[in-house]
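Notes to accompany the following structure.
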Amino acid sequence: MKILSVQQMRMADEATITSEKISSLELMERAATKVFDLLHNRLQGTPIPIHVFCGIGNNGGDGLVISRLLEKHGYHVRTYIVNFSDNRSKDFLANYDRLKDVASEWPVQLKSKQDFPTLLDQDIVIDAIFGIGLNRPLVPWVATLIKHINKSKCFTVSVDIPSGLYADKIPDDPESVIYSDVTVTFQLPKLVFFLPQTGIYARDIEIVDIGLNREFLQQSPGIAELIGKNEVLPLYRSRFKYSHKGTYGHSVLVGGSYGKIGSVVLATKAALKTGSGLATAYVPECGYAIVQTAVPEAMVITDDDDELSEIDLDFKPSAVGIGIGLGTNEKTIKALSNFLKNNTSPIVIDADGINILAKHPKLLENLTTQTIITPHPKELERLIGRWKDDFDKLNKTIEFSKRHDCIVVIKGANSITVYKDQLYINNTGNPGMATAGSGDVLTGIITGLLSQGYSPLHAAVFGVYLHGSAGDEAAHQTGFEAVVAGDIVANIGTAFLELFKQRSIPDKKSS
Ligand SMILES: NC(=O)C1=CN([C@@H]2O[C@H](COP(=O)(O)OP(=O)(O)OC[C@H]3O[C@@H](n4cnc5c(N)ncnc54)[C@H](O)[C@@H]3O)[C@@H](O)[C@H]2O)[C@@H](O)CC1
Ligand SMILES: Nc1ncnc2c1ncn2[C@@H]1O[C@H](COP(=O)(O)OP(=O)(O)O)[C@@H](O)[C@H]1O
Ligand SMILES: [K+]
């Protein structure tokens, strides 16, 4: 699913109005009705007090439509107008008049702190103060109103975007943004919902289709893509009946050092479980018995030390995953440097491999095109330097990717795969995956996909998705805390099966 910029969203709005020959007021009615439907569906007429806070722009206009529909359906509604400006939008004003016709009480005007209502824990708040039109800092009393709403324990539903959150930069004051329980967003998700600094405000997201012009949405370049099942299914390459293990490539996982052989075990298992035809673990001597015992399906090549001092293969691997548990001593750096100079196979670099690249940036010149690098935040910082905020981090990563023609997977809650200007935001995974070795599994999965002939970009995007999906399955079985990296490996198969699972349709006879 595409993610558009604010400007592209506004253009989509215009394209819809023009192509359908409807007014912006009608589009607002349609959009806000979708929010009402969702609420009504959940509340089923429950007489809970609902406080609707409306700004004076089109987000406020949506709020007024929601208030009117709630009133019409007998809910206990109180509407507030947050008067932060005299520039009320035309559609806001039209809906203000319509609300007055049906409201049991007139909207309450808020102009300062003295006007703030008391909010009780069990009440519901609809937040329609600011939408994607927020473009400057809040005046102090509006910031205080947002803090007042946050302080209450009310269940808060934000319309389109939590108020106070810019669609394209981080907030001026992190405390002056609504922490919403559910954000009902129009047509497409917003980029800020998936970044660590801003995603915290939009806990659950409901995307409602408001019928924006499909052709426009398809043609718009967007600024990112949200990767779910629909996006990865077309990437899947099925296996042929007359295939043999040679068809699916030979993955080589290079890494490990004394006390860190487990990382290679996990990655090698993951490559095999992802479908690699053959797998070889290239480890120091101390890892020989460990890998042979833990992964009997794999072959093992050893170097004669506790750390790798030479990486020398007498065949060309279909794919290489390198860096896990590697250590960063001088002889290993030299070995990696020599290997990278001569390597022409598709490659994933992780962990200490990244740390070595960060310390010796000259090595970046030797990378094969579209090398995949999978840093966690600390490794990324070593690689691209400090960033000011999440947007700066993305821009710096884009720069880096362009400069070195590499694919960077920024790992985290919503891992983002960056290739030049393209951003692919993953939508699987859970906090249970914040556990030792989980990244090694990802390296193995991506290597396994590369070995089967997936292009580097597809291997990265699909691999990150499968990894998260396997983690979700693992968490489903054990709960977040008990997930360990081995459980993610064990569920790679289920993650593949999940791709083809149809949503069950309720049986009419039994319902
Ligand atoms: N794009 C779409 O598909 C649709 C958008 N609609 C709604 O329209 C919203 C956008 O509406 P608007 O563009 O009117 O903007 P908002 O309602 O988000 O903001 C209100 C106005 O306040 C001004 N403003 C911005 N920051 C301010 C600040 N700190 N202090 C005081 N004033 C400030 C802006 O100039 C803006 O005109 C969307 O978020 C959505 O809720 C829907 O009504 C219909 C469909
Ligand atoms: N909160 C989270 N939600 C979803 N995925 C997560 C979360 N925390 C970590 N992960 C995933 O787990 C992996 C952790 O990788 P990494 O930090 O390199 O682990 P290790 O070095 O122990 O192998 C990454 O793929 C990351 O995206
Ligand atoms: K809002």
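Even glycines carry a Cβ here, placed using N, Cα and C.
Small disclaimer: the values here were computed from a predicted structure and weren't measured.
With ASN59, ASP127 listed by TrEMBL as binding K(+), the candidate from SER5, SER19, SER163, SER176 annotated for that site turns out to be SER163. The record from TrEMBL ties LYS411, GLY412, ALA413, ASN414, SER415 to AMP, and of the options GLY385, GLY439, GLY444 it ties GLY439 to that site too. Here the Cα atom of SER415 (AMP binding site) is found 29 Å from that of ARG136 ((6S)-NADPHX binding site). Within 10 Å (C-alpha to C-alpha) of GLY60 ((6S)-NADPHX binding site) lie the following binding-site residues from ASP127, LYS411, GLY412, ALA413, ASN414, GLY439: ASP127. The Cβ centroid of LYS411, GLY412, ALA413, ASN414, SER415, GLY439 marks the AMP site; residues of that chain outside this set whose Cβ lies within 8 Å of it are HIS376, VAL409, ILE410, ILE416, ASN426, GLY429, VAL464, given in sequence order.
Not one of the binding-site residues ILE132, ARG136, HIS376, LYS411, ALA413 has a CB under 6 Å from ligand 3. Proximity note: of the listed binding-site residues (ASN59, SER163, GLY412, ASN414), ASN59, SER163 have a CA within 10 Å of the CA of ILE132 ((6S)-NADPHX binding site), given in sequence order. Rounded to the nearest whole angstrom, the C-alpha distance between ASN414 (AMP binding site) and HIS376 ((6S)-NADPHX binding site) is 12. Calculated from their C-alpha atoms, the gap between ALA413 (AMP binding site) and ASP62 ((6S)-NADPHX binding site) amounts to 31 Å.
Cβ crowding, taken as the number of other Cβ atoms within 10 Å, peaks at LYS411 among the binding-site residues ARG136, HIS376, LYS411.
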